[in-house]
Structure formats: structure tokens, C-alpha cells
């Protein structure tokens, strides 16, 4: 019959401390001791608890058990050498990984590491994106706990060097292979690879050394930013780990649409209405731009769709490469609801032009009947 997991037997997790393992053993040994518990199977359970405790309370045995479980790494190599037996619960991948360094090349858990980057989405008006601005934003991020100065330990105490790994954050485990014994390095499960153990945790941060706070950051938005672009604010991300540098803050811009202007890169586009008289006779009109009103001369005979350009009236290039232009497309508006006098003037114009229109007024139903008759 296969043996139960020792951690399961004692009812503790795999990262349990020695004190937690000892406490669990005392409770269960008292419960199942043959002199106290006369139920059938109690003696076997007591034996199982004792065996689990003897293994997990010994650092070397525990490390060996964590590596191999209940399997004996030497089994399968008795008198027959390689013949017929298995390799003690591990495969050739594990063997070669250990021998040739695959398992040893691990990042030092105590090495300085850069903090995580943060992202903040900012909504800008059309004009704010065009001209830029200075603003203050507030972001939630982790800060060093002021109570413990980031140590994670209760004030008046300090983290202690892990007695199991000597502060390295790693344990050396001896592994038997068909090629001999190999020493493999694993993350120390007593300190989770930190090399430190905190016996008395800070009540403010719970031992993490960090607390969540909202921080105000001044941001200078350059002129010419566009929708979807982002601004990097160096060093304003999450704080570094083990003395490493802080991460960065990335501000992503969302630019609102304008009711009159449209933007394409650094250029601005808009439509301007012209009356029939303005288009035919020409005129000087006022055109709104981001920089104020500008006079534009419209030549006589201008047609719908004619384009004009106002140089330098667009958006500044965000990288400083000049200034965009403003493009104007004119639309000639056909007059409606004419007075009789206006109609007479247009009739005169049409007659002089030799293009007198047919002004027969028909009802909608008359037009439908005429269409069916083919008139």
C-alpha cells in the first residue's frame, strides 16, 4: 500500500515551519497514542504520525523527502547495475539537468530587481492634446512601509538570517544518479528564497515591507500628443525589490473628438460652408483655427469640394519636427425657402445665362403618374 504524504499526515503545508510541524505532531501523537486511544487503527496512525515527524523535523531528511518523496533514490541499482530497474523516481531529463547545470542556473532571489511598471489612462480634450499642458495625477501604488522602514519586521526587531540556508535563499540537495551523486540547488522553502526570516511581523504591512498608497505625480504633457500615444515617466512605477530601481509609469492618452475639427497626424481638417453668391462672386471669409480666426480669400467660381491650405495652422509635431497645416474643404450650400423676389432674381439670372429651368409645379402623385406614363 502506498504511503500518505507526510505533510498530509501532519495536516500542515509544505512551507510549514519547524514549530508548526512540532505543534501538529504533539497534537496528533496525543490523539492516537495507544495508551490513550484504544480504537482499532489508532496504533497504526500513531506510527504514521511518528514516522512523518521524524522525517520532517530533520532538515536533511526533509530536504531529501521534498526532492524524492517516499522513493528511495538508490533503488534499481543493486547488483544488476542499470539492468531492469528504474531510476529512483526521476528521469534522464532531471539527471542531465542537474549534471550539466540546468537546475543550478537560478536567479539569485536576493539580487536587486526593478519594480513593476504602472499604467495610467488620461483623457484629454482636442485642444489639450494639441497644445499640451501640465497636470497632477494621483495613482495607487506600493510604497515602503514607514512603520518598519521596509524591513517587514515589528519595530524594535529585525529580520533574522535564515538558519537553514545561511541567508543564501537556496538549499543544497544531494541527489543520487546513475553517474554518481550530484548536488542540486533549490529555493529554500523555509524563507521562500529571501534568505531572511521574520519572527515578529510588522502590524502595518503584515511583514511585506510595503503598503498601498495614492501618490500625486506632476506630469508635463507635450504639445502634439495623439490618441493612443503614451508618455513614460521614469522611476514612478512600483518600488524596486532588494534595493533595485523603481519601475516606470506609462501614461496612455485618450483624445476626445472635436465638433468641428478632425485630425490626421499633425494636420487639421475642417469643412466651411459657402453661399451660392460667395462661391460665384468670391469673398473673404473667416476660418476658425486652433490658433484663432484667420481670413481666407475665396476666389470667384469656387466649386464644392475645393480645398485650401493654411500653412502652419495645424498641430505641433510631438517630437519637435515642425508644425502641421490646416486643410479646408468648402461646401456650397443650396438656398432653400426662397422668397418670390429671390426666385425672380434667379429666373433673370437663368434667362441671361440661357439656361431657363422648367418650373412646373406638380404634386407628388402627379410626378408618380407621369413617371408611369413615360412622359
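Any Cβ shown, glycine's included, is placed from N, Cα and C.
What Swiss-Prot records for 145, 148, 202, 205 is Zn(2+) 1 binding site, and it gives sequence analysis as the kind of evidence. Residues annotated as Zn(2+) 2 binding site in Swiss-Prot, with sequence analysis given as evidence: 162, 165, 188, 191. What Swiss-Prot lists as domain 'J' is 5-69. The feature repeat 'CXXCXGXG motif' is assigned by Swiss-Prot to 145-152, 162-169, 188-195, 202-209. The annotation zinc finger is assigned in Swiss-Prot to 132-214.
Feature map: annotations from Swiss-Prot on the structure.
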residue	record	contacts (Cβ under 8 Å, 6+ apart)
145	Zn(2+) 1 binding site	152, 202, 204, 205, 208, 209, 210, 211
148	Zn(2+) 1 binding site	154, 155, 202, 204, 205, 209
162	Zn(2+) 2 binding site	169, 188, 190, 191, 194, 195, 196, 197
165	Zn(2+) 2 binding site	171, 188, 190, 191, 195
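Contact counts against the repeat 'CXXCXGXG motif' (162-169), taken as Cβ pairs under 8 Å, peak for 188-195 among the stretches 145-152, 188-195, 202-209. Taking Cβ pairs closer than 8 Å, the repeat 'CXXCXGXG motif' (145-152) reaches residues 158-159, 198, 201-205, 207-211 in its own chain, all 6 or more past its ends. Averaged over the repeat 'CXXCXGXG motif' (145-152), the predicted model reaches a pLDDT of 87.
The residues near the Zn(2+) 1 site, meaning same-chain residues not in 145, 148, 202, 205 whose C-beta sits within 8 angstroms of the mean position of the site's C-beta atoms, are 146, 147, 149, 150, 151, 152, 153, 201, 203, 204, 206, 207, 208, 209, 210, 211, in sequence order. Of the chain residues outside the Zn(2+) 2 site list 162, 165, 188, 191, 163, 164, 166, 167, 168, 169, 170, 171, 189, 190, 192, 193, 194, 195, 196, 197 have their Cβ within 8 Å of the site's Cβ mean position.
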